[in-house]
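Trainee: Take this structure first; my questions come after.
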Amino acid sequence: MRSFSLFFLFGLGGAVFPARGQAPATVKQSMIRLSGKVTDNATRRPVALASVYLLSGNAGTATNELGAFLLKVPAEQLKDTVVISCLGYVPLKVPVAGLPANTVIVLQPSSILADEITLKSRSGLGLVKKALAAIPANYDTTARRLNAFYREKISLGDFELSNNEAVLDIYKVFAAGKTLNDQMRIVKGRKKKIDYGRDAQFYYWISSISNGARGSLGDDLLKYSQAENNPLNPENYRYYAFQYAGSVENGTQTLAHVHVTPKKRSAKGILELDVYLDEDTYVIHRIDYALTEAGVRETSRKNKKLGYFIMSKFLGASLDYHKFTGTVTYKPFRGKWYLDRVTRHWEILVESEKRNMFKRPWTTDIDLVVTGISTEKAKPIESGNIGDKDTPFSTLNSGDYNDDFWENYNILKQGADVLPAPAAPVPVAPPAGTVKPLRYSNRQNGFTRADTLRGTLSPLRSCYDVTFYHLDVAVDPGNRSVSGNNLIRFKTVSPFRKMQLDLYQNMVIDSIVYRSEPLTYRREFDAVFIDLPHELAKGDLAELKVWYHGVPKTPNRAIPMDGGILWDTDSLGNTWAQVVSQGSGASLWWPNKDHQSDEPDSMKTWITVPSQFTEISNGRLTGKTNMPGNRTRYEWAVSYPINNYNVTFNIGMYDHYTASFAGVNPLTIDYYVMPYNCGRARKLFSGVPGMLKVFEDNFGAYPFNRDGFTLVESLYPMEHQSGVCIGRITEQNATQINPLLWHESAHEWWGNAITAKDIADMWIHEAFATYAEVMVAEKIFGKEPAYNYMLEEQKKAGNKEPITGVYNVNHIHYDIGDMYSKGSLMLHTFRNMLANDGKWTALLRAIQNSFRYQTLSAASLIGFINNYLQQDYTPFFKQYLEYTRIPVLEVKLQQKGANLLVTSWWTADAAGFKMPARVTVAGGRFGFIYPSDKPSSILLKNMTAAQFDVDKERFYIGVKVSKE
């Protein structure tokens with residue numbers, strides 16, 4: 001499960017009994033423990049969220065959901081006064097000396113001040129608008145360092161699943177970003193150690209909510225007032241009724257109460273709010289929220305993504321979302337207002353027949369209380385930031401749980417405004433000139449001649465077409481070296497006497513032989529320019545052999561998409577190695593024409609390794625030969641075209657077993673796994689036949705039938721043709737529902753059977769393979785859960801660089817995430833724009849049939865799509881591929897009596913952009929409108945603005961709605 005910020009994200013979170021005050025001095029002091037329970041005088045029910053603090057401000061805490069509190073007071077403050085206050089109650093002041101232990105404190109409810117005439121005449125929306133307009137004047141909109149106390153508690157019935165507490169150092173910025181952008185680090189934390197017993201995986205699943213502290217900061221409604229789901233967002237006013245509900249006493253102040261509820265038949269009214277604000281200054285003091293029934297359904301639908309269905313099926317349990325509530329409060333400090341406290345409570349009903357659980361209540365309570373505010377100029381957190389991590393807080397929090405842990409924490413003020421952060425280690429600068437700045441080529445850093453030599457299909461490359469490689473090398477794990485030769489057979493495309501091959505400059509060329517004679521050559525960066533003894537005529541067939549040796553590079557993790565040979569050990573300490581060369585290029589370990597536009601028609605790969613190891617490459621294993629020095633040569637053959645970066649080896653202590661698949665054509669399947677993972681592997685691979693069936697139904701027959709289909713446990717997942725690497729097998733991923741396995745296997749169709757000519761168009765590989773995950777999930781779980789999977793991709797899309805890279809320079813060393821996420825969202829949008837799954841599947845199969853075993857450009861693919869569908873979609877693809885912005889649907893709504901006039905148009909970068917938009921055309925019913933880049937109008941009968949909505953789940957678009 002995922003933690004969520006209700007108004008910014010959808011997901012899940014935790015609980016806290018907070019402490020208000022500052023951090024302790026390092027010297028222990030004599031403390032007085034004040035404890036008790038706060039109740040309502042009228043109902044005698046507990047008062048939660050009540051503040052309990054010293055009048056001097058030196059210490060404080062708050063009541064939990066049972067009204068209980070514990071306040072630690074330094075003995076020298078015995079003469080101070082304790083203040084107990086809560087919105088809606090008359091505050092109470094009690095001398096510290098007059099507050100016995102375990103006392104019950106009764107608060108008197110405040111009067112609600114408003115008569116019927118006032119209630120009807122005041123505008124709740126008007127008050128909210130004024131409050132939002134006054135944010136810059138009332139709230140500190142600069143970045144600040146805060147201290148906070150955090151607790152989350154998760155329970156299943158009476159069984160405590162998780163209990164975490166921490167003091168947090170927070171760097172909070174007021175400007176909202178696309179993602180949650182506050183930083184935090186744990187100053188001190190603790191958690192209870194809980195034994196889950198034999199059913200640990202189930203209990204881990206239902207207790208592993210992601211970073212609840214991060215999600216709590218996301219519930220700052222004022223910071224995220226423009227967030228999509230926030231009723232305070234002006235674009236959402238049409239969905240809600242803002243009712244002035246009177247005034248409430250809050251100590252010496254009187255606050256206006258605005259009750260916000262969804263309008264009848266509202267398309268997006270998923271929340272109820274109670275907003276309390278000062279009518280004189282328009283400061284919002286407190287907001288209570290709760291999901292409506294529709295909101296609970298929507299949250300359930302959006303949160304139950306593919307991962308949920310995988311684990312639900314695997315563990316035999318389901319979750320029924322039930323209740324989500326929370327409170328956000330703000331407090332003054334030195335003339336400005338700040339976030340004070342976020343409290344959240346969630347309830348889910350757990351069903352598991354095999355565990356005899358029926359509607360077993362799962363509850364999470366989360367509390368984050370700001371205990372200190374720094375007035376100094378704030379600096380971002382340099383190390384230990386967990387604000388960008390979705391990891392469960394219980395994983396991030398490592399402290400042990402014991403009764404003496406907090407000592408004086410949460411109450412003792414040191415005289416400073418904020419808890420001093422522990423000093424971060426100061427890095428020692430190396431001597432000048434000893435460290436060279438890391439440079440790699442991309443749009444930001446620029447490109448070099450080496451990039452041009454690597455990425456351009458120059459005349460010295462285009463003059464010949466490779467038809468066959470025979471790579472014959474020995475790998476020495478001891479010194480991590482490679483030595484041997486590669487036979488290159490080619491056909492002359494245009495007459496030439498000089499040609500270019502590629503091999504990284506750190507690799508040594510021993511000789512290049514043509515017709516038994518050595519050739520002269522020149523090296524420049526990673527290019528090798530070879531002089532032939534005579535000119536070859538068009539159509540000539542020729543071959544040469546390159547003898548070489550060296551230690552291939554290993555990946556530099558600091559460089560995006562940097563390849564090399566991975567060296568590691570398995571769980572038993574045995575050597576384990578793998579080649580990963582996509583992006584960096586196959587020439588990092590063997591000589592070839594290293595450009596994606598040219599693939600050999602077939603290939604042999606012979607790899608010699610020490611005899612105790614198994615070696616797996618591509619295609620069929622045609623033989624094994626004993627070699628001198630207790631070594632074995634593994635002889636592999638590929639009978640189809642293969643792109644260079646797919647050529648690989650895996651070396652390790654593997655077990656091997658086989659299976660078959662009765663698909664369009666009979667197919668053999670080989671599985672190579674670590675011996676200790678055989679049981680897990682059989683569980684994992686039990687889903688392979690179903691996966692292949694989905695791919696064949698949608699994409700056509702498996703493309704490499706003669707070579708078979710091989711899945712390899714590996715150090716890194718990679719789509720090596722007919723030798724697909726799936727990464728390490730673990731207890732967690734050993735399930736037949738495995739999206740990573742689906743993704744890498746889908747590359748057999750998208751990336752291997754058809755390959756982009758230039759790596760700038762690699763979205764053809766990654767977007768289709770990512771969307772293939774959705775298509776498998778759709779077959780297993782149905783369309784809606786699979787479509788919800790795409791909502792996660794919307795969060796991943798960065799929109800920082802165009803999907804299409806820079807051509808002719810091997811542009812790969814940057815964050816290519818949008819080739820996956822935004823690319824798959826583009827395909828998802830296109831599929832739903834077609835609104836015909838039969839046509840969508842036919843298009844995918846037609847692409848495969850037309851381009852199989854070929855390389856292609858994005859332009860040729862888009863041209864084919866236009867021709868096949870008999871419509872020009874070029875502006876659509878251009879917008880998503882070549883620009884960072886997504887298209888925005890501008891909508892203007894005008895109520896015309898009982899009808900709604902909708903005027904719409906697209907704002908986009910691509911000239912002539914147009915596409916259908918799916919909107920509500922009647923109460924609860926969606927249909928299409930057909931806007932272009934120019935305004936057009938349609939009258940929707942018996943519709944109101946509150947009922948109007950635009951589908952942003954099936955379409956990756958922006959929407960801007962205005963109402964007249």
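Counting begins at 1 with the first residue displayed.
Heads up, the Cβ atoms here are built off N, Cα and C, so glycines get one too.
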Trainee: Can you pick which of Glu713, Glu766 TrEMBL lists for the same Zn(2+) site as His743, His747?
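Mentor: Answer per TrEMBL: Glu766.
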Trainee: Using a 10 Å radius around its CB, how many other CB atoms surround His747 (Zn(2+) binding site)?
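Mentor: Cβ-Cβ neighbours of His747 (Zn(2+) binding site) within 10 Å number 22.
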Trainee: Enumerate the residues of the same chain, His743, His747, Glu766 excluded, that satisfy the criterion Cβ within 8 A of the mean position of the Cβ atoms of the recorded Zn(2+) site; list them in sequence order.
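Mentor: Output for this site, in sequence order: Glu719, Glu744, Ala746, Trp750, Gly751, His765, Phe768, Ala769, Thr770, Ala772, Tyr820.
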Trainee: Where does Glu744 (active site, proton acceptor) sit in the DSSP three-state scheme?
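Mentor: Glu744 (active site, proton acceptor) sits in a helix per DSSP.
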Trainee: About how far apart, in whole Å, are the alpha carbons (Cα) of Glu744 (active site, proton acceptor) and Tyr820 (active site, proton donor)?
Mentor: 12
Trainee: Enumerate same-chain residues with a sequence separation of six or more from His743 (Zn(2+) binding site) and a Cβ-Cβ distance below 8 A; give 'none' if the list is empty.
Mentor: Pro717, Ala769, Thr770, Ala772, Glu773
Trainee: Name, in the order they occur in the sequence, the residues of the same chain whose CB lies under 8 A from the CB of Glu766 (Zn(2+) binding site) and which sit 6 or more residues away.
Mentor: Gly751, Ile816, Met819, Tyr820, Gly823
